[in-house]
Amino acid sequence: MTVQDKQRQILPLFEHLTSLTRGGLDRTESDVRLRRVGRLPRGTLFSCFHSEHLKEATELYQILYKADSFADFIHLAQQARDIVNEGLFVYSVSVAILHRDDCRGVTVPPIQEIFPDRFVPAETVNQAVKADLKRQSSDEDVLVEIQETGNILDPEHKLAYFREDIGANAHHWHWHIVYPPTWDASVMSKVKDRKGELFYYMHQQMCARYDCDRLSTGLRRMIPFHNFDEKLEGYSPHLTSLVSGLNYASRPAGLHLRDLVDFVDVQDMARWRERLLYSIDIGHVIDHEGQEIPLDAEHGIDVLGALLESSHDSLNDDYYGNLHNSGHVMMARIHDPDGRFRENPGVMSDTSTSLRDPIFYRYHRFIDNIFQEYKATLPCYEKKDLEFSGVEIVNCTVNAKAPNVINTYMKESTLEMSHGISFKGAVKVKYQHLDHDPFTYSISVENTTGDVKHATVRIFLGPTQDELGNRLRLNEQRRFYIELDKFHAELAAGKNTITRKSSESSVTVSHTPTFEELQRGEGVDENTTEFCSCGWPEHLLVPRGTYKGMDFQLFVMLTDYEDDHVGSHNGQTLCADAVSYCGAKDSKYPDKRAMGFPFDRVIKARTVADFRTTNMSFTDVKIQFKDQV
């Protein structure tokens with residue numbers, strides 16, 4: 001059976017899940033392996049942050065993963081579709097597809113087409129339903145424009161283009177099926193290398209990107225969530241779940257976290273935070289056996305990431321709790337903590353919707369601040385840690401329409417809704433998203449060693465000024481630096497010019513195949529390399545910038561590839577294009593250095609001149625927003 005044949009059998013599993021009738025299959029007819037699943041009622045909003053939901057989802061994806069053959073997998077999935085909760089089904093089947101060897105090359109269809117109601121405002125969905133009813137024929141095209149979810153009375157609405165970006169929200173959902181918190185290597189027979197560190201780094205970068213765009217729109221940097229008793233800002237998502245028929249709950253301004261009787265108390269959250277911070281201060285954590293595990297420079301961040309999330313790899317979840325996941329659930333249920341009003345939770349309960357809420361970023365900056373407490377215990381990098389002897393960056397230029405000027409603009413795209421919602425025919429939603437003109441890095445390098453050298457090229461971008469126009473100090477600026485690319489380059493003796501297109505970024509996914517493309521066999525390949533559509537959307541590679549041009553610094557650093565690379569990574573690993581945030585499938589993370597190096601630790605140098613070594617370059621660039629093109 002070809003990959004294309006497998007893909008065509010997979011796709012119907014994901015279609016029209018919002019229209020399923022309740023309890024379609026008689027449980028007595030189901031496969032005996034599925035007898036224990038189906039506990040979460042259909043129509044309930046599934047949350048991979050909720051431990052009970054996650055427990056059942058894990059049972060299902062492990063059953064599907066262990067299916068004897070591809071035919072057996074399809075058989076089980078088809079039955080499970082009629083038994084289990086809709087969101088739980090998609091989560092578990094997606095995890096299984098990404099990790100089964102006989103599904104290599106098969107692509108999970110885009111979550112925004114499976115559940116368009118998680119991405120498209122309820123007003124727009126309603127408009128689409130009315131337009132569909134009016135059309136005379138299924139061949140007649142229906143195109144509706146997306147509705148705005150706020151106005152200028154709310155300053156945060158300036159960031160709606162970022163928070164509500166379909167690609168960004170899909171990325172967050174996809175990352176969490178690539179790295180399920182309950183992943184058990186002893187059961188799944190595959191190790192997720194540096195999973196805890198990836199949890200830290202992906203979310204840290206998301207916060208840095210969000211702050212860069214806040215500065216681009218004239219807003220101040222976000223204020224981290226820091227107090228479990230603080231009153232939260234209001235938020236209304238304008239989303240309605242079609243599987244439950246209820247809205248994703250709004251959050252009135254002024255509410256604060258309250259105990260969830262059936263889940264977690266506010267005091268638990270405060271206690272877990274204090275235990276984590278204390279362990280960071282003393283330099284070790286206590287595992288389930290009472291042993292002291294050091295938070296060293298090499299593995300400490302990975303250990304801490306597992307504790308904070310908390311994942312199956314947590315060394316002691318009884319003591320350190322479940323801070324990150326529980327926070328998501330508490331904020332999602334802040335309006336109805338004891339369930340007396342039988343309301344849906346808010347968008348913070350779901351990985352495909354939580355980026356829409358401003359509190360997501362404030363909460364993750366709170367989480368990141370705990371990671372930064374650990375990073376502050378590590379020694380600052382010395383010159384010897386940063387240098388690449390005999391290699392000097394002579395010049396670096398961003399080649400675009402104008403040198404060192406990157407243009408951004410709002411671009412129109414469409415989303416097909418008819419695979420997720422039952423319509424007479426195709427129904428598309430037109431929406432706008434940020435995009436940028438393509439550009440190329442040109443890096444002039446001199447290799448004076450007399451030998452061929454192999455280098456890791458690391459490219460970051462960071463703003464130069466704060467919201468008041470003051471110059472950012474380097475140690476303050478480092479938390480704003482966003483990774484743009486990381487790749488291998490060969491340096492001949494003498495002068496070299498390294499060129500690299502922005503579209504080749506190790507951070508981004510270039511294109512996510514649509515349902516229709518997958519049905520035609522496009523984007524289906526056993527050698528596909530994007531793990532697997534997990535990367536940050538390419539159109540959001542750089543911040544928005546300003547109309548007059550916003551000042552940024554492009555940082556380029558070359559390090560010794562022989563010291564950096566991990567031997568098991570041969571550059572051809574399946575699903576490795578967006579490796580910076582997503583890792584490489586069934587392989588070790590291909591860079592020995594800390595994620596975010598060299599900006600992951602405190603920088604004592606007050607100026608660029610004091611920090612810079614010959615293998616570094618700081619280039620002034622502008623990002624200019626052109627509104628529409």
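Any Cβ shown, glycine's included, is placed from N, Cα and C.
Fair warning: this is a prediction, and the values are worked out from it, not measured in the lab.
Per Swiss-Prot, the candidate among His288, His299, His312, His364 that belongs to the Cu cation 2 site alongside His324, His328 is His364. Disulfide annotation in Swiss-Prot: Cys582 is bonded to Cys534, selected among Cys534, Cys575. Among His157, His203, the residue that Swiss-Prot places alongside His172, His176 at the Cu cation 1 binding site is His203. Same-chain neighbours of the Cu cation 2 site beyond His324, His328, His364, judged by a C-beta within 8 angstroms of the site's C-beta center, are, in sequence order, Phe49, His203, Asn325, Gly327, Phe360, Tyr363, Ile367.
Note on proximity: of the binding-site residues His172, His203, His324, His328, His364, the one nearest Asn395 (N-linked glycosylation site) is His203, by Cα distance. Long-range Cβ neighbours of His172 (Cu cation 1 binding site) (same chain, at least 6 residues apart, Cβ-Cβ under 8 Å): Met206, Thr351, Ser352, Ser354, Leu355. Within 8 Å of the centroid defined by the CB atoms of His172, His176, His203, the record's Cu cation 1 site, lie the Cβ atoms of His171, Trp173, Trp175, Met202, Met206, Thr351, Ser354, excluding the listed residues themselves.
Taking DSSP states H, G and I as helix and E and B as strand, the compositional bias 'Polar residues' (503-513) has 2 helix, 2 strand, 7 coil. Nearest Cα neighbour of Asn447 (N-linked glycosylation site) among the listed binding-site residues (His203, His324, His328, His364): His203.
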